[in-house]
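Colleague: As listed in TrEMBL for this protein:
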{"type": "SIGNAL", "residues": "1-22", "note": "signal peptide"}
{"type": "DISULFID", "residues": "Cys32-Cys47", "note": "disulfide bond"}
{"type": "DOMAIN", "residues": "62-216", "note": "domain 'Cupin type-1'"}
{"type": "BINDING", "residues": "Asn108, His113, Glu118", "note": "oxalate binding site"}
{"type": "BINDING", "residues": "His111, His113, Glu118, His161", "note": "Mn(2+) binding site"}
Amino acid sequence: MAPSTYFLLISLLALATSQAIASDPSPLQDFCVADIHSPVKVNGFVCKDPMAVNANDFFKEANLDKPRDTMKSKVGSNVTLINVMQLPGLNTLGISLARIDYAPLGQNPPHTHPRATEILTVLEGTLYVGFVTSNTDNGNKLFTKVLKKGDMFVFPQGLIHFQFNPVHDKPAVAIAALSSQNPGAITIANAVFGSKPPISDDILAKAFQVQKGTIDWLQAQFWENNHN
């Protein structure tokens, strides 16, 4: 085999392997209901004894048809996430779901899901949504769209994205499906200005090109989590 052909095959194998391990592991049996309380630590959760599994392991009375309270949220939104922690039957299945309620002029602020792509469907109202690409020589490109009831939009895995209700007198509701049993969420402002312990204000002042006093003020704010 020619060295160039061998190198190409090795490269393709490495690429395929990286793709295979870049998302939730595929199931090797019909199901692997999470044993949430097991002391064994693995990437995900160990399987509950199949003989002890019952229909309730795949069921949750989630009440996702009922509006959530958005008035107590500083950003005017409330995210109700159903992942493997709430529904053990999701373990190894690579999927989860969230209902997002938006107050008038409320937003789900810029955030990322490090382990999942998201597809959003608007159930009620109007949403202005968007995501930003990773760093390129031409900067970070913003993709945005105004969504009406019944519209859908995809946010690629790991990219910063947001949703905003631009209507001042009507709430909005959306359902999001995510391609991981545990997608994770990193809200940008919370992570940068609300970490514990805090990131050095010298670092942030230089990164954002502002005075340290501005950073100190931002770090003194209460950075709430709108995910329930």
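From the backbone N, Cα and C atoms, a Cβ is placed for every residue, glycine too.
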Colleague: Using C-alpha atoms, which one of the recorded positions Cys32, Cys47, His161 comes nearest to Asn108 (oxalate binding site)?
Modeller: His161
Colleague: How many other Cβ atoms are found within 10 Å of the Cβ atom of Cys47 (disulfide bond), counting all protein chains shown?
Modeller: 20
Colleague: For His111 (Mn(2+) binding site) and Cys47 (disulfide bond), determine the Cα separation and express it in whole Å.
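Modeller: For His111 (Mn(2+) binding site) versus Cys47 (disulfide bond), the Cα atoms are 31 Å apart.
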Colleague: Across all chains shown, how many C-beta atoms besides its own are within 10 angstroms of the C-beta of Asn108 (oxalate binding site)?
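Modeller: Within a 10 Å radius of the Cβ of Asn108 (oxalate binding site) lie 29 other Cβ atoms.
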Colleague: Work out how many Å separate Glu118 (oxalate binding site) and His161 (Mn(2+) binding site) at their Cα atoms, rounded off.
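Modeller: Distance (Cα to Cα, whole Å): 10 Å.
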Colleague: Under 8 Å between C-beta atoms and at least six apart in sequence, can you list the same-chain neighbours of Cys32 (disulfide bond), or say none if there are none?
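Modeller: When sequence neighbours closer than 6 are ignored, Cys32 (disulfide bond) has Phe45, Cys47, Lys48, Asn91, Thr92 within Cβ distance under 8 Å.
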Colleague: Which chain neighbours of the oxalate site, leaving out Asn108, His113, Glu118, have a Cβ atom within 8 Å of the mean position of the site's Cβ atoms?
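Modeller: Result: Ala98, His111, Thr112, Ala116, Leu120, Phe155, His161, Ala176, Leu178, Pro183, Ala185.
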Colleague: Take the mean position of the Cβ atoms of His111, His113, Glu118, His161, the recorded Mn(2+) site. Which other residues of that chain put their Cβ within 8 Å of it?
Modeller: Thr112, Ala116, Phe131, Phe155, Leu159, Ile160, Pro183, Ala185
Colleague: Which residues does His161 (Mn(2+) binding site) neighbour through Cβ under 8 Å, counting only same-chain ones at least six apart?
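Modeller: Spatial neighbours, sequence-distant, of His161 (Mn(2+) binding site): Pro110, His111, Thr112, Glu118, Val129, Gly130, Phe131, Val132, Phe155.
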Colleague: Tell me the Cβ neighbour count for His113 (oxalate binding site), meaning other Cβ atoms within 10 Å of its Cβ, over all protein chains shown.
Modeller: 24
Colleague: Check the domain 'Cupin type-1' (62-216) for me and report the mean pLDDT.
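Modeller: Value for the domain 'Cupin type-1' (62-216), mean pLDDT as a whole number: 97.
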